[in-house]
Amino acid sequence: QKDCSLPVDTGRGKGWFLRYYYNKNSKTCESFIYGGVGGNKNNFLNIENCCKICKAKNC
């Protein structure tokens, strides 16, 4: 769960991928656009995985 406390990181690259991250301040999973390269582990393919792993309150 320590990955859930990492800040959102859109990464590099020219990709346009809809992803989700856990916002530790609001304790919710939120969407962001991922560039496709780099970033960190607070990056989920769907909101369900974000909710399951980070136990967000908006799930």
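Placement of Cβ uses the backbone N, Cα and C atoms for every residue, glycine included.
Computed from a predicted structure; not experimentally measured.
Here the candidates are CYS54, CYS59, and Swiss-Prot names CYS59 as the disulfide partner of CYS51. Per Swiss-Prot, the disulphide partner of CYS50 among CYS4, CYS29 is CYS29. Within 10 Å of the Cβ of CYS54 (disulfide bond) there are 23 other Cβ atoms, across all protein chains. In sequence order, GLY35, GLY36 constitute the residues six or more apart from LYS14 (site 'Key residue that directly interacts with the S1 pocket of trypsin') in its chain with CB-CB distances below 8 Å. Under DSSP, residues within the domain 'BPTI/Kunitz inhibitor' (4-54) fall into helix, strand and coil as 10 helix, 17 strand, 24 coil. Just so you know, of the disulfide-bonded residues CYS4, CYS29, CYS50, CYS51, CYS59, the Cβ with the fewest other Cβ atoms around it within 10 Å is the one at CYS59.
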